[in-house]
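Engineer: Taken from Swiss-Prot, the feature Zn(2+) 1 binding site covers Cys154, Cys157, Cys211, Cys214, and the record attributes it to sequence analysis. Look at Swiss-Prot and you will find Cys171, Cys174, Cys197, Cys200 tagged as Zn(2+) 2 binding site. Marked as compositional bias 'Polar residues' by Swiss-Prot: 364-374. Residues annotated as domain 'J' in Swiss-Prot, with sequence analysis given as evidence: 6-70. The region 'Disordered' annotation in Swiss-Prot covers 363-386. The repeat 'CXXCXGXG motif' annotation in Swiss-Prot covers 154-161, 171-178, 197-204, 211-218. Taken from Swiss-Prot, the feature zinc finger covers 141-223.
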Amino acid sequence: MATKRDYYEVLGVDKGASDDEIKKAYRKLSKKYHPDVNQEADAEEKFKKFQKPMNTLSDPQKRAAYDQYGHAGADANFGGGGAGGFGGFGGGFSDAGGFGGFEDIFESFFGGGRSADPNAPRQGDDLQYSINLTFEEAVFGKDTEVSYKRNEVCHTCGGNGAKPGTQPETCHKCKGSGTINAERQTPLGRVMTRQTCDVCHGTGKEIKEVCETCHGTGHEKKTHSVNVSVPAGVEDGQQMRLANQGEAGTNGGPYGDLYVVLYCSHETCNIFDRDGSEIYYELPINFVQAALGDEVDVPTVHGNVKLKIPAGTQTSTKFRLRGKGAPRLRGNSTGDQQVTVKIITPKNLNEEQREALRNFAELTGQSTEEQQSEGFFDKMKDAFKK
């Protein structure tokens, strides 16, 4: 019998990992296996395997329950807490004077637990969609329309799953509770537990004549489109939550949410690097410009700007262009662009150019042969003195 993998192991993090470390691991896996990015046949299946571990470990209550009770604690029905979180032992010893209190304890161990109202409205599942952005789109933002498949409320039956003109009926076996009593043999003897009704499968309702459109599910698969306004200054791996754009709910419950994952590609821009709101650019200049100084055009994402290079500038010298970086997501400010100077050494000199450099070296007392020779013997003298 196959055993479930440890959720921390699935995400590749330690049990003491912080929330940021868990999110970082999830983003890494999403970028690797998301079906929109990875075209391998089993990518979608691999992608699904770490959805529940992420949903569990990113929620403080669910994570605490998982750490204490393992996979049983991650079950939405464990202890009667329902999808909203962890609810403990389903009533504990509130009725310890009779069988009911002990029944609650046995149920939490042997698969029962008090079930939530099966007819209560329940929110639909969340969905995820990924958008690939160019370097410029991530910096300046983008408005786009995305289309995807989702379950919507059936237009024929209105979501109740029954043929028009008919209505679902209360389940004759569980009387609408969605669960039934059952005896189970345990190491402690025979005990009464509650389990999902095998007639209505936990819905508390029976549909005699099903809707021909949705076949009794109350949902139908449709292509849904929504406008997404990506703000300026987003970073790789960030998510946007679009409320009520996920799957349809049940029993009149609201739609789930759509989480849009943003993937920002630096490959579309080969001259800039970026870290948050800071943009980095390497400026090539020749040694004459470095020695004498110059005024040069520097490209930025906002257009070219003039930059004065002081005389005697050395390679790796940094300049900061205020307000020429990427917008910050919070507030109306903008980051800076950092410019790093890289002095380019000339290649393939002709004889006239070589002679000019030799003359320059003599005028400044920088004979290359003398420097190399003196430098070598000075090092040897220092070595023998030690």
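Using N, Cα and C of the backbone, Cβ positions are placed for all residues, glycine too.
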Engineer: How many Å separate the Cα atoms of Cys157 (Zn(2+) 1 binding site) and Cys200 (Zn(2+) 2 binding site)?
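Structural biologist: Computed Cα spacing between Cys157 (Zn(2+) 1 binding site) and Cys200 (Zn(2+) 2 binding site) is 18 Å.
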Engineer: Looking only at C-alpha atoms, tell me how far Cys197 (Zn(2+) 2 binding site) is from Cys211 (Zn(2+) 1 binding site), rounded to the nearest Å.
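Structural biologist: Here the two Cα atoms are 22 Å apart.
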Engineer: Using Cβ-Cβ distances, find the residues under 8 Å from Cys200 (Zn(2+) 2 binding site) that belong to the same chain and are at least 6 apart in sequence, listing them in sequence order.
Structural biologist: Pro118, Cys171, Lys173, Cys174, Gly178, Glu206
Engineer: In terms of Cβ proximity under 8 Å, which residues at least six beyond the ends of the repeat 'CXXCXGXG motif' (154-161) contact it?
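Structural biologist: That would be 167-168, 207, 210-214, 216-220, 248, 250, 252.
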Engineer: Near the repeat 'CXXCXGXG motif' (171-178), which residues from the same chain, at least 6 beyond its ends, have a CB less than 8 A from one of its CBs?
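Structural biologist: Same-chain contacts beyond the ends: 115, 118-119, 196-200, 202-206.
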Engineer: Given a Cβ distance threshold of under 8 angstroms, which distant residues of the chain, six or more beyond its ends, lie next to the repeat 'CXXCXGXG motif' (197-204)?
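Structural biologist: That would be 115, 118-119, 170-174, 176-180.
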Engineer: With every protein chain in view, how many other Cβ atoms are within 10 Å of the Cβ of Cys174 (Zn(2+) 2 binding site)?
Structural biologist: 24
Engineer: Compute the average pLDDT of the predicted model within the repeat 'CXXCXGXG motif' (211-218).
Structural biologist: 94
Engineer: For the recorded Zn(2+) 1 site, whose residues are Cys154, Cys157, Cys211, Cys214, find every other residue on that chain with a C-beta no more than 8 angstroms from the centre of their C-beta atoms, and list them by sequence position.
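Structural biologist: These residues sit around the Zn(2+) 1 site: His155, Thr156, Gly158, Gly159, Asn160, Gly161, Ala162, Val210, Glu212, Thr213, His215, Gly216, Thr217, Gly218, His219, Glu220.
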Engineer: What are the non-local neighbours of Cys211 (Zn(2+) 1 binding site), defined as same-chain residues 6+ apart in sequence with CB under 8 A from its CB?
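Structural biologist: Result: Cys154, Thr156, Cys157, Asn160, Gly161, Ala162, Lys163, Pro164, Gly218.
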Engineer: Note the Cβ centroid of Cys171, Cys174, Cys197, Cys200, the recorded Zn(2+) 2 site, then list each other residue of that chain whose Cβ lies within 8 Å of it, in sequence.
Structural biologist: Pro118, His172, Lys173, Lys175, Gly176, Ser177, Gly178, Thr179, Ile180, Asp198, Val199, His201, Gly202, Thr203, Gly204, Lys205, Glu206
